[in-house]
Structures are given as structure tokens and as C-alpha cells.
Amino acid sequence: MSSERKAPHAAIGQVLIEALPYIRQFEGKTFVIKYGGAAMKDDTLKNMFAQNVTLLRKVGIRIVLVHGGGDAITRTAEKLGLQSRFVQGRRVTDKEMISVIQMTLAGKVNQDIVQLISEHGGKAVGVSGLDADTIKAHPHPNAEQLGLVGEVEQINTDYIDLLSQAGLIPVIAPVGFDCDGNLYNINADDAASSISIALKAEKLIYVSDVAGIQVGDKILKTISKAEAADLIERGIISGGMIPKVVSAFNTMDGGVGKVHLIDGKSTHSLLLEIFTHEGVGTQFIN
């Protein structure tokens with residue numbers, strides 16, 4: 001056998017050996033994955049993500065998937081003649097828009113993800129936040145401007161655990177309702193954070209369009225709360241990244257072991273972040 005053939009085989013073997021202690025460590029643990037961005041739009045990336053999630057479940061990690069779908073909601077709204085408006089990055093949601101969100105997010109987007117995981121050998125089940133009181137919500141503090149945008153009040157962990165114990169991957173659409181039956185649009189990042197805290201998850205992983213926290217040309221492998229505060233003060237962490245960073249540390253304060261931010265456009269980033277020493281994104285640490 002030529003050295004050209006031996007080299008890649010040896011590299012593959014080394015990756016598998018490196019993964020083994022992580023597989024042992026995380027068997028039976030719960031990972032909440034927030035799925036969004038470009039990884040939801042490109043067919044190659046969608047298939048790769050579904051493969052990665054299926055593999056994680058096959059090696060014994062309990063996966064709970066929370067997804068976004070903002071672009072799909074906007075497209076559906078446009079077809080129905082509805083204009084999308086945003087305040088501080090949140091979609092203004094009236095009764096017409098909440099119907100579009102429920103139809104699109106809990107309908108087509110959710111079922112497409114379930115189908116894709118199934119095609120790659122996984123067993124997924126679509127869950128609307130309305131199912132079995134999965135997500136109870138209350139109005140956002142800025143409801144006067146935002147309308148039917150909600151914040152998570154309570155998670156039905158018994159239902160999610162029941163699905164996970166059956167070997168299924170719950171795929172959760174972040175909509176919720178209150179005790180009066182009012183429906184709410186819930187930010188997917190916020191929903192993923194609340195679900196991971198409620199489940200006492202080992203990890204929360206944000207699959208996004210950025211490679212991690214970047215300083216100059218370097219992606220930080222880890223970042224502490226003090227380091228993040230300094231980078232925010234210096235303007236290096238800015239814009240939409242600030243609430244994501246704040247949410248990550250709030251999630252850890254709530255008892256979640258680790259929070260990761262990875263690039264969904266990078267090849268097999270989910271597996272590499274979890275099963276290799278170096279990782280590929282940024283890990284938030286206490």
C-alpha cells in the first residue's frame with residue numbers, strides 16, 4: 001500500500017481515537033442544539049447537519065434540537081401580502097403574523113428537518129411549543145411595540161425527556177402560549193437557552209453563520225465572562241453578537257455545563273467541536 005493511501009487512513013484513525021474519550025464522557029448526556037442561519041438554507045449543509053445530529057444520537061448523546069426559520073417566515077408572509085417589521089432584531093408579530101409563524105415554523109420548516117434526519121437514519125419527532133404545554137410563555141416586556149412576541153415562562157421537561165428516553169430527537173419549533181391560550185412568537189436563541197436550563201443540559205450549542213468570537217484574524221477557542229465584558233466595552237463584540245454572548249453566560253449561570261458557538265457553514269463543525277481537542281468554534285467558560 002502506498003504512503004499516499006496510508007496517510008489519510010492514519011489521519012482518519014487518529015480522529016476516531018481522539019473522539020473515543022468524548023463519546024464515553026457524553027454518553028447519556030443531553031445536548032441542546034440551536035439550529036439556524038445558512039446551515040438551514042443550503043442543501044449540502046442541511047444534509048451534513050442531519051448526518052452529524054444522527055451520529056451524535058447513535059453514540060448515545062441525547063439531542064434536543066431547537067430551530068429558527070426567519071427567512072422562511074418572511075417569504076411566506078410576502079406571498080400572503082404581509083410585511084415583516086423588526087424592532088431590536090425581533091419580528092413584530094400581530095394576529096396575522098403569528099398565524100404565518102405557526103404555519104411555517106411548526107409546519108413546513110419543522111417537518112422538513114424531521115424528514116431530513118429520518119433520511120439519514122435518525123429518529124426525530126416534530127414538536128411545536130404548543131404540544132403538551134412544551135413551552136408556556138408570557139408577553140415580552142416590550143409587547144406594546146412587538147405585539148405577540150413572548151418570553152419563556154415554563155418548559156415541560158417531562159415530555160421532552162419522555163421523547164429522548166424513547167431514543168427520539170425532539171425537533172422543537174419555538175412558539176408558545178399563555179394560560180389564556182394566547183399564542184406567542186419566541187426567539188429561537190432564547191427558547192434554546194431556556195430549554196437547556198430546564199433540562200439541566202450538558203451543553204448548549206449555537207449553530208450560526210459565524211465561526212465563533214473573533215478578535216482580529218483569530219477565532220477565540222474559549223472566552224470567559226470577564227474577557228467578554230472587556231471585548232464588549234472595547235467594541236470588538238458588538239451588534240447582534242452582544243445578546244448572544246449575554247445569553248450564553250446567562251445559560252451557564254442557569255446550570256448548563258458549557259455553551260458553544262460554531263459555524264454551520266464549516267464542514268462537520270458540530271462533530272469537530274464536540275469530539276476533538278482543538279474544536280472549531282468558541283466555548284464559553286466560567
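Just so it is clear, glycine is given a Cβ too, placed from its N, Cα and C backbone atoms.
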Residue among Arg57, Arg85, Arg91 sharing the substrate site, where Swiss-Prot lists Gly69, Gly70, Asn185 as binders: Arg91
Cβ-based neighbourhood (8 Å from the centroid) of the substrate site, residues Gly69, Gly70, Arg91, Asn185 excluded: Gly68, Ile73, Thr74, Ile101, Leu105, Ala188
Alpha-carbon spacing, Gly70 (substrate binding site) to Lys34 (site 'Transition state stabilizer'), which is rounded to whole Å: 13
Which same-chain residues, if any, lie at least 6 apart from Lys34 (site 'Transition state stabilizer') yet have Cβ under 8 Å of it: Val66, His67, Gly68, Ala188, Asp189, Ala192, Leu204, Ile205, Tyr206, Val207
Of Gly69, Gly70 (the binding-site residues), the residue whose Cβ has the fewest other Cβ atoms within 10 Å: Gly70
Residues Gly69, Gly70, Arg91, Asn185 [recorded substrate binders]: greatest CA to CA distance in Å: 12
